[in-house]
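**Student:** Got a structure for you, questions after.
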Amino acid sequence: MSITAQSVYRDTGNFFRNQFMTILLISLLCAFITVVLGHVFSPSDAQLAQLNDGVPVSGSSGLFDLVQNMSPEQQQILLQASAASTFSGLIGNAILAGGVILIIQLVSAGQRVSALRAIGASAPILPKLFILIFLTTLLVQIGIMLVVVPGIIMAILLALAPVMLVQDKMGVFASMRSSMRLTWANMRLVAPAVLSWLLAKTLLLLFASSFAALTPEIGAVLANTLSNLISAVLLIYLFRLYMLIRQ
């Protein structure tokens, strides 16, 4: 059977509309979890204020130069802030991926579903999803730091891994290998969706500062919720595409 991107887009749009409230609640809940965890593990405001003390920002030629000019205490604060942001984001993304994929599975099986039920049902696979998303994020970030293009290619090749991990109960590395092979064979169907997702995420990041006009916390929750909705659309598309490819 010939698969067209247009038909998968249409199926994705229909599912997203029909399950919008459930997906919105999961996106909001994951955003709240991300913001709360980030706040709990981040350095205090007083510690963050120390990052500006005695650091010649204008004279620094780059990020590494800026970090080298920091005191050991400032470097530790920066590391803690970065780790808190990364950890909270990974937790939120793992719960989002697990919840959205379980929604699709439950709805496809004709069962009634709620946001909490989907998240609860995904609990057993969350540790593997966390490791998978961590490794994927690491590889993509390394690729982007090198010349950008390798990072984008890795994001495309590993896009199907979360779906395969949950749907076929694969291991972390098996799902990554299988995703690379399957995506490479269906690049014309996967690449446009992932590139659109990356573009939407980038645009959201550019306008994220405007959300802080409310309060930093509410703005962060709103920005993360929108980001999660964008990721949910991609997950729905990838799940539908994967099921069609397997037929």
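Using the three backbone atoms N, Cα and C, a Cβ is placed for every residue, glycine included.
From a predicted model like this one, the values you see are computed outputs, not experimental measurements.
Taken from Swiss-Prot, the feature topological domain 'Cytoplasmic' covers 1-19, 108-117, 173-186. As annotated by Swiss-Prot, topological domain 'Periplasmic' applies to 41-86, 141-151, 210-224. Per Swiss-Prot, the feature transmembrane segment maps to 20-40, 87-107, 118-140, 152-172, 187-209, 225-245; the stated evidence is sequence analysis.
Mind mapping these onto the model and telling me what they sit next to?
**Tutor:** According to DSSP, the secondary structure content of the topological domain 'Cytoplasmic' (1-19) in residues is 14 helix, 0 strand, 5 coil.
The list of residues near the topological domain 'Cytoplasmic' (108-117) in space but at least 6 beyond its ends in sequence, with Cβ under 8 angstroms from a Cβ of it, reads 19, 22, 25-26, 29, 99, 102.
Taken residue by residue, the topological domain 'Periplasmic' (141-151) breaks down under DSSP into 10 helix, 0 strand, 1 coil.
Looking just at the topological domain 'Cytoplasmic' (173-186), the mean pLDDT is 96.
Helix first, then strand, then coil: DSSP counts for the topological domain 'Periplasmic' (210-224) stand at 13 helix, 0 strand, 2 coil.
Below 8 angstroms of C-beta separation, residues 84-85, 87-89, 91-93, 95-96, 99-100, 103, 113-115, 118-119, 217, 220-225, 227-229, 232 of the same chain, each at least six residues beyond the ends of the transmembrane segment (20-40), sit close to that stretch.
Below 8 angstroms of C-beta separation, residues 3, 5, 8, 152, 155-156, 159-160, 219, 223, 226-227, 230-231, 233-234, 237-238, 241 of the same chain, each at least six residues beyond the ends of the transmembrane segment (187-209), sit close to that stretch.
Same-chain residues lying 6 or more positions outside the transmembrane segment (225-245) and placing a CB less than 8 Å from one of its CB atoms are 1, 3, 8-9, 11-12, 15-16, 23-24, 26-28, 30-31, 92-93, 96-97, 100-101, 104, 159-160, 162-164, 167, 182, 186, 189-190, 193-194, 197, 200-201, 204.
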**Student:** Cβ under 8 Å, sequence separation of at least 6 from the ends of the topological domain 'Periplasmic' (141-151): give me the contacting residues as numbers and ranges.
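**Tutor:** Distant Cβ neighbours of the topological domain 'Periplasmic' (141-151): there are none.
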**Student:** In terms of Cβ proximity under 8 Å, which residues at least six beyond the ends of the topological domain 'Cytoplasmic' (173-186) contact it?
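**Tutor:** Residues 3, 132, 135-136, 156-162, 164-165, 241-242, 245 contact the topological domain 'Cytoplasmic' (173-186) from elsewhere in the chain.
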**Student:** Are there residues at least six beyond either end of the topological domain 'Cytoplasmic' (1-19) with Cβ under 8 Å to its Cβ atoms? List them, or say none.
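**Tutor:** Beyond its ends, the topological domain 'Cytoplasmic' (1-19) has Cβ neighbours at 103-104, 107, 113, 186, 188-189, 192-193, 232-233, 236-237, 240-241, 244-245, 247.
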